[in-house]
Structures are given as structure tokens and as C-alpha cells.
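Summarising the annotation, TrEMBL assigns signal peptide to 1-27. For 28-331, the entry in TrEMBL reads domain 'Plant heme peroxidase family profile'. Taken from TrEMBL, the feature disulfide bond applies to Cys38-Cys121, Cys71-Cys76, Cys127-Cys327, Cys206-Cys238. Look at TrEMBL and you will find Thr200, Asp251, Thr254, Asp259 tagged as Ca(2+) 2 binding site.
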Amino acid sequence: MAAARFHLFLVLSLTLSLCHFPDTTWAQLRQNYYASSCPRVESIVRGVVQNKIKQTFVTIPATLRLFFHDCFVQGCDASVIVASTATNKAEKDHSVNLSLAGDGFDTVIKAKAAVDATPGCKNKVSCADILAMATRDVIALSGGPSYPVELGRLDGLSSTAASVNGKLPQPTFSLNQLTAMFAANGLSQTDMIALSAAHTVGFSHCSKFANRIYSFSRRGPIDPTLNRTYAKTLQTLCPKNVDSRIAINMDPNTPNTFDNMYYKNLVQGMGLFTSDQVLFTDSRSKPTVTKWATDSKAFQQAFITAMTKLGRVGVKSGRNGKIRQDCAVLA
């Protein structure tokens, strides 16, 4: 009997050791985290965001993209904001991050300064949390849903360009590649489809999709999944050998509004990237795209769920993080 119990113990121990338990580093996150230490933090951040948007609309897509690029590399820890030094090439200087608009960084830095200038709030709020709040605000202020943000992140202790390698989706990705990359961050295929709607605002350089309108395959220069009229428009906006600095709206219909037009465009063959249009051409994701193209409320709810889950990725706590005084400096 004792031997049998011991054998059962060994089996259970081995089974438990092989099990993959979900990441629980985000357990410390909660709404109203700063209710006692800096009660006005959310209104302070929103005020800065509103002022930045008045200066330039680029604030909206820049901040949203900054959050995504931060969370997918070492987690949501503001490591993407850190500046390179003579001895360290930081995340922001990796080639895929060089197109991150400066207005996103500026929004966080200005919001951090405003928070720290508030009596009682100095060095109480992390840069990572400020970025999360600012992201929610740019979405809401451009017509998207507002939602409560879970707070309590610490800022990361490292930032290296090398850590970015292979961590961010590319515009040529297939559905399988997209699904796998998001799954590696605890996000489902439905979450991925929802978060892809960030492309309803913002811009893209012509080089990111030039292959779809000029050199797609031996059968023809234009991607057959691309709406022909839209393809001609893109060729006009992005002629061959166009200045590499030229960028165009990713959403040709409502580029300044966060809405479900992204999915309506996909149904019409007007997804800018291969990784956009595949969401409609692949039968596994097509039903979701079709539904959200006509059901804005369902999309918004799915987006809130996905953004909340994204904000939990790789959260730093305890000795694994700190509250940076200067968001751009690790020390």
C-alpha cells in the first residue's frame, strides 16, 4: 500500500512538473492601482494626450504602435522607450523600430513629466503604466472604445536591440505565422484579429507593400487578393522608386477614426498588407472579419478584451523592475 502511494506521488509530481502553467506575473495588476498614491494620474495623462493630439494627429497611431511594439518584446515594461548609449544599442534602434514615430515617445515623456510634477506623485507611476493609459486614451479620443486600464506594472531593467529579433509580426505574415506569434504572448487568434484593427489609423511607408502592387509573382505584378481599383490607387500614391520617406494612410476611408472600417476594407479586398488581407482570404479567420465588418459593438468588446490581455504580457514586478525617473534611461 505504501509503495502504491509512493508510486502515485511520483506520477503526480512528474505530471505537475511537465504541466505548463499560464503566466501569472500580471496578477498584481488592478484597476485604480494609484487611487491612494496618485489619485488623479489618469486625468493627468489624458490631459497631456489631448494636448498632443491637438498638435498632431500622428500622436494617435504613434502611441498605439509604441504600446504594441513594447509589449511584444520583453513584455509591457516601457523598454522600447529607452535610449541607446555608447555601450548599449536599445530596442528603439532596431531596424523594425526605426519607423516608430517620435510623437509616441514624446507623449509618454510629457505625461511622465506632468505626473511627476503633481504633488505626491513624483516617482510613483511607472513609464509602462503611463504608456498603457495613453494608449487607451488615444483609442478613445479617436472614436474607439474607452475601457478601464489595469495598472501596477514596473519598468524593465534592460533594453537591447537584439531582443527584438523575431518578436514582431511582419507585413508579409501568413495566418499561421500571425497566430503562432500572438499565441507565444498568450493571445488567441480572435485577439490577433481584433488587435489588427489598430491598422484602422496610422500610416505605412510604400516599401512595406510595394511587392503587392509591382512584383507579386510571375503570374502578375499585382496580388490577386488586392482590389484592382485600390491597387491602381496605391500605384498612383506610391510610384516605383518613390521617396522612401513617403507614407500613406493604412485605412483609405476613415483614416482618422478608430472604427470597424478596417474589416469592411478587408471584405472589399482593401487590406494594405498581406498580413491584413489574409484575415479575410483565409477561411479560418474570414467569419470573424465578416461579423465585425457589420457589428461594431461586437468588435469593440473583442478589442477591449484583447487589449487587456496584451497589457498583461511580461509584466515586471519586485526585483525584476523599477519605476524609472527618466523613461529613456535605465539607470
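Each Cβ is built from the backbone N, Cα and C atoms, and glycine gets one as well.
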Cys71 (disulfide bond): tally of other CB atoms within 10 A of its CB: 27
Among Cys38, Cys76, Cys206, Cys238, Cys327, the most crowded of the disulfide-bonded residues [Cβ within 10 Å]: Cys76
Distance from Cys71 (disulfide bond) back to Asp259 (Ca(2+) 2 binding site), taken between C-alpha atoms, in Å: 23
Residues close to Ca(2+) 2 site centre defined by Thr200, Asp251, Thr254, Asp259, Cβ within 8 Å: Val201, Asn253, Pro255, Asn256, Thr257, Phe258, Asn260, Met261, Tyr262, Asn265
Nearest recorded site to Thr254 (Ca(2+) 2 binding site) by CA-CA distance, among disulfide-bonded residues Cys38, Cys76, Cys121, Cys327: Cys76
Rounded to the nearest Å - Cα separation of Cys206 (disulfide bond) and Cys121 (disulfide bond): 43
Spatial neighbour of Cys76 (disulfide bond) that is closest, considering only the recorded positions Cys121, Thr200, Cys238, Asp251, Cys327 and their CA atoms: Cys327
